[in-house]
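Structure first, then comments.
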Amino acid sequence: MPAVHHKLLLEDALQDSPQTRSLLSVFEEDAGTLTDYTNQLLQSMQRVFGAQSEMGLATQQLSQQLLDYEKKNFAMGKGDEEVITTLQKFARTVEELNALHTDLANQMADSMVFPLIQFREKDLTEISTLREIFGIATDEHEASMVKYSRLPKKKENEKVKVDLVKEVAYTRRKQHQASMQYYCALNALQYRKRVAMLEPMLGYTQAQVKFYKKGMELVTKKMDTFLSSVSNMTHNIQAQLDSEAEAMRMSQRELLSVEDTVYMPDKDDDPVSRSLIQKSGYLNIRNKTGLVTTAWDRLYFFTQGGNLMCQPRGAVAGGMVLDLDNSSVMAVECEDRRYCFQITSPTGKTSMILQAESKKEYEEWICTVNNISRQIYLTENPEAVAIRLNQTALQAVTPITSFEKRQEGSPNPDRAKPGGVHCSAGDAPGPGASLEPEDLIAPGTPIQFDIVLPASEFQDQNRTGGRRTNPFGETDDDSSSESDDSLLQQVFAVRFLGSMAVRCGDNQEVIYEVMRQVLAARAIHNIFRTTESHLMVTSSCLKLIDPQTQVTRIHFQLGEVLQFAAHQENGRLMGLVVEDPDWSQGDQEGAPPSYSAFVFESNTEGEKICFTINLAKEIVEAKKDPEALAELMKSMPLTNDEINHRYMEEICRSSARNGNDFHVNVKLSLLNILLCTHCLT
């Protein structure tokens, strides 16, 4: 260790020469620099100690986080058992390392930070204090010397002189003592600073060596085999990752090598699949935001069983939007948007309008909903059933716009194909018999979607009498015998959906099958426009009247209507089966009759129309039997006030129509009251 070459001599303290003062200033400058450096060094050492303490806390938290991996229950955590076991071993190792880090932090505090703090607080603070005392003593000595120097020459006061001499001696002794203490402290500081610089670093290094020795023992004894197995595991995982990454890069290049038409929304060249029973994809749904304002939201829709589901972005699972069983779907025009279609619930109370991205998606969604609505998904082989039914629907759809075109073709498919089955009075199947669709309707039977009168027929109706039919049964005169004889006239607003020839006239299942085929054909061919007409039900006939021109578009005698029924789920749909000898080869002796089924959609419930037709048929029967008329009257509940109010009016009207037979007039009048009242309610 080199010796200290410079020091302050205590012998020079009493003289306090300028040379001594100059050397003292050098020592004081050195002490000031040492103080600044010590403060900076202490900050660095405190930072190291703080980092080591934080390291202990961090390793403790790390150990806890490794143990919490098992408790997270990751959704994709299947197969992580080996990883969980390995992390638990690492957690125990980190916990042991945490104990080592904590011990290291304590050793740093004792052997590194504390010695330097003690040096600063003891030695450097002592130097600063002695410097202040030395300065005060020097100032007092200088003041006493100034007083002593002012003693006069002539008149000397011995007492004053003695006092000043004592004062000078006291201040000089005080300065001498302070300077010697100050010089000794400065000389000792040259040695203490070297110890203060080396001792903390020695403690720090010894603590680190001890830490590393304990860590080495831990790794050597317990961790060699474990770390080797973990290293092999990570290498295997990395190899799998590299292989998977290469496969994904190849797949990405292959997917990006397609033509730009793949990214275009309406450039799908693949054929439309009409036999789907499941479908998913994004659709725009129209939502009402006010009385007259709407907004479109793009959501993800998918079918699940017989339900239409919707899953918004960010949602964990989808929710049911609509039950598709027995629902109806058809294309619609909405707000000048393309590819819109509407799904309506069986009751007609719930409906939604959706928009597809492309024509292919649009047609597939319509076909899928239509297939699900028929509950095909519940069959053993739903795909095969869907293919067969869609092929039948495609063959059946041949739009005809006039009765003339229908008369030119083969109206009776039974005669068109040998072996065709038709129902007559003798061999009609019973109501409980289950018939296949081919037994009810011949495959390939054309469907008529509109009723357009030929020009000649329209002109004939206008020429004959120049009189149009009033939908409410009111006439300008009483010249019409048909109007006079009708006890019932009820008008319903309906829309004609379609008609087709059928093989059977007295089985109600044929009506439901015609409804299914007509709705399927409209959905497949996007035929959604319908014209509103007035269906007039009287006690003698049924008329479909154009509400604008008042021209009768189609006319059936009541006896020709064989079957009529409303849809089992969608109450707004109703259909009827009629026998028309004009369409069959009735002039040929022994030729079987021809049957046709018509489907209508009403603004009210189809059951009301069916009930009215049934009442009309009962009126016809009641006219033949007065007793039946009386029983019909009893079956209609009316209050006494209602009967008395209408009773006299109807008697007067019936008397004019039926002559003077009072009993007949009373019965018919009451019957008309009851029928009209029930229809109105």
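Cβ atoms are placed via backbone N, Cα and C, with glycine included.
Copied over from TrEMBL, here are the features:
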DOMAIN    276-374  domain 'PH'
REGION    402-440  region 'Disordered'
REGION    458-484  region 'Disordered'
COMPBIAS  474-484  compositional bias 'Acidic residues'
DOMAIN    492-550  domain 'PID'
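Across the domain 'PH' (276-374), DSSP classifies residues as 15 helix, 46 strand, 38 coil. On the 0 to 100 pLDDT scale, the domain 'PID' (492-550) averages 85 in the predicted structure. Summarised by DSSP class, the composition of the domain 'PID' (492-550) is 16 helix, 23 strand, 20 coil.
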